[in-house]
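Now, the feature entries from Swiss-Prot:
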ACT_SITE  Cys994  active site
ACT_SITE  His1075  active site
BINDING   His768, Asp770, His823  Fe cation binding site
BINDING   Arg832  2-oxoglutarate binding site
BINDING   Gly1166, Thr1167, Phe1168, Gly1169, Cys1170, Gly1171, Lys1172, Ser1173  ATP binding site
DOMAIN    63-252  domain 'Alphavirus-like MT'
DOMAIN    750-841  domain 'Fe2OG dioxygenase'
DOMAIN    884-991  domain 'OTU'
DOMAIN    990-1080  domain 'Peptidase C23'
DOMAIN    1133-1308  domain '(+)RNA virus helicase ATP-binding'
DOMAIN    1309-1455  domain '(+)RNA virus helicase C-terminal'
DOMAIN    1748-1855  domain 'RdRp catalytic'
Amino acid sequence: MALTYRSPVEEVLTLFEPTAQSLIASAAVSAFQRHEKDNFEWFRYSVPAFAKEHLSKAGIYLSPYAGFPHSHPVCKTLENYILYVVVPSIVNSTFFFVGIKDFKINFLKSRFDKLNMISALNRYVSSADKIRYGNDFVIRAGVEHRALKRHRGLVDSPTLKALMPNVKSGSKLFLHDELHYWSKEELIGFLEICEPEVLLGTVIYPPELLIGSDCSLNPWCYEYEVKKKKLLFYPDGVRSEGYEQPLSGGYLLQTSRIKLPNAGIYCVDLLCSRFAHHLFSITRGDLITPDNRSFGPFEAVHSGALAGISRGKPNFYPVSQHTILRVYRYLRSLKKPDKQSAMAKFSQIVHEPCGRAVKFMEEFSDLIINTGTLRTVINPEQVKLFFGNLGRCMPPCFASKLKGTRTVCLDEFISMLRPLSVDVTLETISMHSMTMVVTTWSQEAEEGVDLPKIFEEKWEGKQSLDRTEAPYLGLAPFVDYKIQWRLQFNIPKFLNQLAELFVNSCSVNGGVRSMSIPAYLRRLATCRSCVGRAMLCCLTEVDIASLRVVVRNRYPYTEDFYRCRRRWFLRIGAQRRPSFYIEDAKHLERLGQFEEEQFQRPMSRRSLYTLASVSMNGTDDPFCSDCFYDPVPVARAKIVPTPTVIVERALEPLAIDTGTTSDAPCDAPGATCLRGAQAVVCACGLSMAVSAVPYAELKMDFYPDALKGRDAAWYSKEDREYKYNGGSHLCRGWPKWLQLWMQANGVDETYDCMLAQRYGAQGKIGFHADNEEIFMRGAPVHTVSMDGNADFGTECAAGRQYTTLRGNVQFTMPSGFQETHKHAVRNTTAGRVSYTFRRLAKKDESRVIEEVVEVETKDMGFSSSLFGVQIIVDEPCDGVEETFNVQCVPGDGNCFWHSLGSFTGLTVECMKAGIKNFACGPEGAEKLSRQLEPNVWAEDEALCAACAHLGVDLVIFDEDQGFKMLYRYPGNKREALLRLKGSHFEPLEPKEMCVVKAIAQAVKRSPMDVLRVALKKMGEDFKEQICRGKGVMLDVFMVLAKIFDVSACVLQGTEQIMINPKGRIKGLFRMTTDHLSYDGVPDKVKHSEVNVYKHDVALQIEDLIELRELSSLVEYTPSFSRAKLLADCLHDGSTGVMCSELYNDKGHLCPEGRETTRVTIGVLLGTFGCGKSRLFKEILFKLCGKSVCYISPRKALCDSFDDEIRKARGNMGERGIKHYKSLTFEKAILQASKLHKGSLVIIDEIQLYPPGYLDLLLLLAGPTMKYFALGDPCQSDYDSEKDRTILGSVRSDVFELLDGIEYKFNILSRRFQSSLFRGRLPCLMYEEDLEAGAPLRLIDGLESIDTSAAYSRCCLVSSFEEKKIVNAYFGERTKCLTFGESTGMTFDVGCVLITSISAHTSEQRWITALSRFRKDIVFVNAASVAWDTLQSVYANRWLGRFLNRSARQEDLRRMLPGTPLFVEGFQKNLLGADEGKRECKLEGDPWLKTMVDLLQVEDMEDIEIAKEVLQDEWCKTHLPQCELESVRARWVHKILAKEFREKRMGCLVSEQFTDQHSKQMGKHLTNSAERFETIYPRHRAADTVTFIMAVRKRLSFSCPIKESAKLNQALPYGPFLLKEFLKRVPLKPMHDRKMMEQAKFDFEEKKTSKSAATIENHSNRSCRDWLIDVGLVFSKSQLCTKFDNRFRDAKRAQTIVCFQHAVLCRFAPYMRYIEKKLNEVLPSKYYIHSGKGLEELNRWVIEGRFEGVCTESDYEAFDASQDHYIVAFEICLMRYLGLPNDLIEDYKFIKTHLGSKLGNFAIMRFSGEASTFLFNTMANMLFTFLQYDLKGNERICFAGDDMCANGRLHVSSKHKNFMSKLKLKAKVSNTMNPTFCGWNLSSDGIFKKPQLVLERLCIAKETNNLANCIDNYAIEVSFAYLMGERAKQRMDEEEVEAFYNCVRIIVKSKHLLKSDVATIYQTARVD
């Protein structure tokens, strides 16, 4: 597949010869030349790349050499396109051009012959025209007028004034950029008067204005602003070039015809439209015209469905379609999408987005990430679609909160996504048609508008307000007007405002109108405002009818239905409009002025109005002018608020007395005058007068005591403390302000205590009496209510009655009232304050009692009866939700019956039908009957009837009143618990009822039935336990089990408890810390015969795929003899402790007659700490609900598994882990036949079981189980003193299982965290986890132990007897285990005790002990011998290897059974191994993530190729005895002093040589001034002098213009250079798709191979803010260890240039493709050392026979010498290989334009380029091919600037002249000892100079870095080491000595080697 599409013609052309192609191309060249010549003058302006793309897509030609600057090049190009391309094809010489400069006319005449007769009609319209046109035309002073009288205003307009006299009728005109200034009337008048035949005109108008856009949607082309009715247009966004035009000037965009007043018709056609530039044709005559018109494209999309969840419902979003789709696809393709990646992708696509686009993309990406997908086409998700669309009916602010709606909107938006287009329906315009209205989103304030002034000039306040006019300056005190005209006169809006005015003026508190609409309008018409009367007079009957509709639909009658409930429907009688309060004198004055204007009723400043009641009798005009307003002088008004009375005994409200208010003084500020009932009336007729509180505001708001729902303060004259059940009050004294307050408000001064309370909203107090002992009995109580409203209730034998208290009022409950009545408060408003004044009892007679005060008294012990049901008010109820679970029931009016049904099991209809027959007295029959109707609330009658009829006592927790109500009927045996809150009943269930539920599940009954029986059988004590919500004890469960005859098997951890074993009902229960659950029938069957297969718990093969891949599958047939031997030992008690016949009454376990069946066992083996158990636990918890049995030989391991199960309960639930078991090995044998068939059986630590255990288990459990064995055969095995004589000689199960079997063994341990363990144990360690640790500690003698040290907390010993020693010396706190006991355990630090007995311990136990510790291990020598002796005793044992660091992995093979295959980690077949890998790596660099493919790589099977293995020739190598110091003595005198070697620049000095020892705690091999590191210069990035030296030598600077010119001059040489190269290397030009894909993959794989942290640290290079043509220059930090750099002075550094990642990602894949194409055809005689190993180089060198004189070449400043000739060769090479032309152009741009902070570079090569090594190598090859006379038999190797040939090369003079042009100059060397890339070449192979390796090894020692680099140095030495004796022939004496020291250092440090190179040195011995 080609990189770019080519048409068939293009494909054929590529097959022609170049000469034929040139012939065909000549025609195209001529055409291009002609076209460029004709159009260059018009399209020569330099435009941005983005604009160039859009203009080209719009069909506008742009010169390829457009370099002329212009202030607004894009709009100028568009103007030229229309004027010089479009218009000339339409017009002819008969046209007159209007409003155009002469040079443009002359240009058209000269260019187009048919326009040589055109002429211009210019005139002065604006002041700028005098400059634009000059004085070269004549204006007529006077002409004959063709206009009629009605045209007088038009002909005098500036636009037409000078034009019309010069235009003849029937002429043809072209108006240049002028029509958008003409108004519609001017255009119609001009067409009517002048009657032109054709009128062409250009219009500049952004079409997006037609859809309300307030900003440009093509900002690259133009920008604009809308200010009032003006459009400010800025071409190319340049404000200095902007101009102003009418906002309505775009009416032609929506016009198809123009109808003239004289009935003439003109047709309007849009001939050309490019963005904001349009060409219109207006032709005379009535012909067919289009009906619709569309404009585009725009950088925007239609908002579509997203408008429904967006603020303001926008029409579009300013982002292009392809951008949105690319970002959407990109985020949907990521496994872990994030907003950073989305913004990076957006920045990659759009280089300079606007702020709105950035904001949209940020929020749009967040929507994509947090919103899932929805299927709407195939298998649609109809339910989600339905509910999602349902939410779209809501406002956007609510719809956006619904997840389903967001999903539907996003899905529809993407599905229907389309670019924004402005579609308009064309209209016919006339002189009187409505002008186009352009609405934008602009919300700017109008200039010159004083809003306060306009408010004042409305109907209210203008004539009466006395204030200085001032502009609006911020938040000023506003006045709330009920009536004001806010809009200009517009009938529809006027009617809406009139409706609101009518409702506000004429509605009372029930929504009832106090007058009809006609009557209101008649009254309104009497106002003095002329404007108002004029507006009202305009209303017709139709308008009044419309007003009625508006009022009826928008303002329906409303009332507080929730408060009145059913009484709302019965509400009759007087309705009263609420009073409203006069705030201040100014308000009063303004209201008076309004009253006078509206109703011609004067009102004085001291008058107060209140509305009289008006009865609604159904008439249409209930208005009465005499009683509508009733003025009452303020000075004579008595201030009495109006209470509303509600009697609960009757459903209807009491009639309210509306008598006339008596006159009384009313001087208090804020006082209120209300009309109506003036007393708190009790049901018995008692009346308590209510009076106002004139000075309520003088109170002190201080409430320090917090109560439930209110705050309080207690005041007393006698300083008494007030205590009660809910708390207590400290006395606040009797302050002065309180005394004055009582005097001012007329409160009797005999009261000596007061409780002040401030309520919250909906506060309440139950019925109570103020008769506490602290107060005087029979004394009156005075109550004050302020700052809010409340319902005050009274209760006596006659019933209950409530009175609503509003405002600041007070009254007194008379003497004796507390003994005969009770009172209550409810429905308090927030902030309502009550003062309760009382009299204290005498001090000697009173006592402090724990009584509830007014706010807390709940009428304790109150009792009544109804229908024989006793109603008891019990103790207060608090914390209902803490002790009970609340069950939800519907709130449809039947909530009580729904709740009761939860206990009775009956439906609502059934219960109501039964109760209808309930016999009750005549008093309650009517009420009960009404309450049994559908959806009617239940009251006391229904509750008592249900209690008596259904036999259920009711316990109701009334949270609103705060107490518990009991409804009891004699003989009832059941009880229902209900909660009443907010007038809603809900059933309650005790929270901790797990015991009851578990019993209920076992007996198959409802929990309520069980609870009822339990309450009956167990009494009140059980009821109290249940209701406390704390659960019950186990002994209670035992009693319940007996009551219900349940045989309960209770699982508590690993133990089983049998309760009531003789019970009839069997049940399995599981008990945890605080919970009991029913698990069904017992999990284990009683007999194996009934153990049937259960599919839901059995595991299938597919459930175990992961386990089977990780393990080795072994076929095994259990041995009956081995099983019987172990069964015998278990039976006689010699093995185990649970299976003995003598001690445990167990029978013989060996099954008789059981057939032995072959079983597949998964074996998962690995070394210590490899993660066997952890891996299994991770996999097991994926087997939710399956049956798993974990078997362990150690109880501690079982406990650990149980802990993991408990942790998993939170995620998997109780059912998920129900069938998980952990058993010790004996319990597993006993229960094997009862396990579920198909269970997963895990045998952990397989090496620790007694021999024959596996056989016995397989025989007992059967072959249906899935078996997996874990363990490590190298660790502790089974050993028991009791059965050692019987089983000691029997081979263990793991050896029997794996005998002769090949299996995987994991040798990678992740346990160890200290480098102390490196090389001491036979395993691989995870190097990243190893931290530097202290050296190994060896303690001599038990007396040297530090018992306070960390290692003393754990000690391992070899026998049980040695535990006594540990206890004696370490103490009791030390955890002491034997080696065997520690199997499977891990500790951080600890010690190992070595005694004389330890030598008899097996190796398996020793390796177990040595591998138990993660961080540190300490050895304590208690063997009474020296460490040297111990080391010799244990020399060939694990302890000796540990001490000597000589442990090897191969030592494990001798201890393992079968044929182990060592693997590193648990490996499985990886399918899609790299899925998501790159995405995770690139999380820290979201920009780079957008540049690489994140796709999963296709899995390919590796083909194993058979390789021939030859035995290497080996001969003895003599290594002379030579010390390091003697080698150093040969050259130490060459090290000069530091001051002589460094370079100076002014006061700066380089820092390349050290004279101090390393700070890395390395070895001191020499004195600090002669360190090995001082041999070589070291470059550091912070060394300024070294960097400047590098810049001066290695970088060349120039400017892009010069470099581009030089490259253009060199390009003709490119084909010549390519031809010479192809002679030697015949590249294939055909494109190879697979090779290109592989090249791209290789680059991306290399780029993402770094760690995620490294990628994130370099993420700034991926950001678009880093310009692509700017590089970052820095010097490479390195130690220059080339042989030529030994003992030299300071040298210049190597410079590196960092490029933007976009540049690398652009070129790197193609450079790798070129490299693959090169290697594809590279002859074998040429070698390129790239991507190859040293072994391959070694083989090629041996084949090349590098003997005798060879040729080497080196270059001076190789990178800087890669000049324009080399780039010309590279460009021709890329074209030859068919690389895209745009890539080649990008490459040329980078090479010529690259710069940095230092300046612009010349054409050269940079280290850091994507193509550095490849093109360096190819330039080296090209230079070699041109410089030398090659015969064809030479073997030459290349690598960058290195070249070496196996013979003497002779210089050729053939290309001498051309070679002199190149900056590239070679330094040729003919030598007998050739080198290449630092390697010596010979016919025996390659080897490194020993001096270099030795000095590097010593430097590594000095810097403590040997462990990290010894592998590399060992590989370099190995080539000479493997040459054997032949290496000596290639070295001199100094080299041989250095080589010996290299080998010696490597062998002595062999334990540090981590690679396979260590095997080469295994036979080495150091004497």
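Here the Cβ of each residue, glycine as well, is placed from N, Cα and C on the backbone.
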Item to check | Arg832 (2-oxoglutarate binding site) and Asp770 (Fe cation binding site), Cα-Cα, nearest whole angstrom | outcome: 20
Item to check | Other C-beta atoms that fall within 10 angstroms of the C-beta of Cys1170 (ATP binding site) | outcome: 25
Checklist outcome for this item: DSSP puts the residues of the domain 'Fe2OG dioxygenase' (750-841) at 4 helix, 55 strand, 33 coil
Checklist entry - Using C-alpha atoms, which one of the binding-site residues His823, Phe1168, Cys1170, Gly1171, Ser1173 comes nearest to His1075 (active site)? => result Ser1173
Item to check | DSSP-assigned states of the domain '(+)RNA virus helicase C-terminal' (1309-1455) in counts, ordered helix, strand, coil | outcome: 52 helix, 34 strand, 61 coil
Checklist outcome for this item: For ATP, residues beyond Gly1166, Thr1167, Phe1168, Gly1169, Cys1170, Gly1171, Lys1172, Ser1173 with C-beta within 8 angstroms of the site's Cβ centre include exactly Asp1272, Asn1306, Ser1309, Arg1310, Arg1311
Item to check | Counts of helix, strand and coil residues, the domain 'OTU' (884-991), according to DSSP | outcome: 40 helix, 31 strand, 37 coil
Item to check | Candidate with sparsest Cβ neighbourhood (10 Å radius) among His768, Arg832, Cys994, His1075, Thr1167, the listed recorded positions | outcome: His1075
Item to check | Across the domain 'OTU' (884-991), average pLDDT on the 0 to 100 scale | outcome: 81
Item to check | Nearest recorded site to Phe1168 (ATP binding site) by CA-CA distance, among recorded positions His823, Arg832, Cys994 | outcome: Cys994
Checklist outcome for this item: Row Gly1169 (ATP binding site), column other C-beta within 10 angstroms, all chains, value 22
Next on the checklist: So if I measure Cβ to Cβ from His823 (Fe cation binding site) and keep only same-chain residues at least 6 apart in sequence, which ones fall under 8 Å?
Outcome noted: Phe767, His768, Ala769, Phe792, Gly793, Thr794, Glu795, Met813
Item to check | Inter-residue C-alpha distance, Thr1167 (ATP binding site) and Cys994 (active site) (nearest angstrom) | outcome: 46
Item to check | CB within-chain contacts under 8 A for Gly1171 (ATP binding site), separation at least 6 | outcome: Asn1306, Arg1310, Phe1466
Next on the checklist: Rounded to a whole angstrom, what is the C-alpha distance between Arg832 (2-oxoglutarate binding site) and Cys994 (active site)?
Outcome noted: 45
Next on the checklist: Give me the CA-CA distance between Cys1170 (ATP binding site) and Cys994 (active site), in Å, as a whole number.
Outcome noted: 43
Item to check | Collapsed DSSP category at Gly1166 (ATP binding site) | outcome: strand
Checklist entry - Roughly how many angstrom lie between the C-alpha atoms of Ser1173 (ATP binding site) and Cys994 (active site)? => result 35
Checklist outcome for this item: Per DSSP (helix/strand/coil reduction), Gly1171 (ATP binding site) sits in coil
Item to check | Nearest-integer angstrom distance between the alpha carbons (Cα) of Lys1172 (ATP binding site) and Cys994 (active site) | outcome: 38
Next on the checklist: If I restrict to non-local contacts, at least six residues apart, and a C-beta distance under 8 angstroms, what lies near Gly1166 (ATP binding site) in its own chain?
Outcome noted: Lys1172, Asp1272, Phe1305, Asn1306, Ile1307, Phe1466
Next on the checklist: Counting by DSSP secondary structure, give me helix, strand and coil numbers for the domain 'RdRp catalytic' (1748-1855).
Outcome noted: 42 helix, 21 strand, 45 coil
Checklist outcome for this item: For Gly1169 (ATP binding site) and Cys994 (active site), the CA-to-CA distance in whole Å is 42
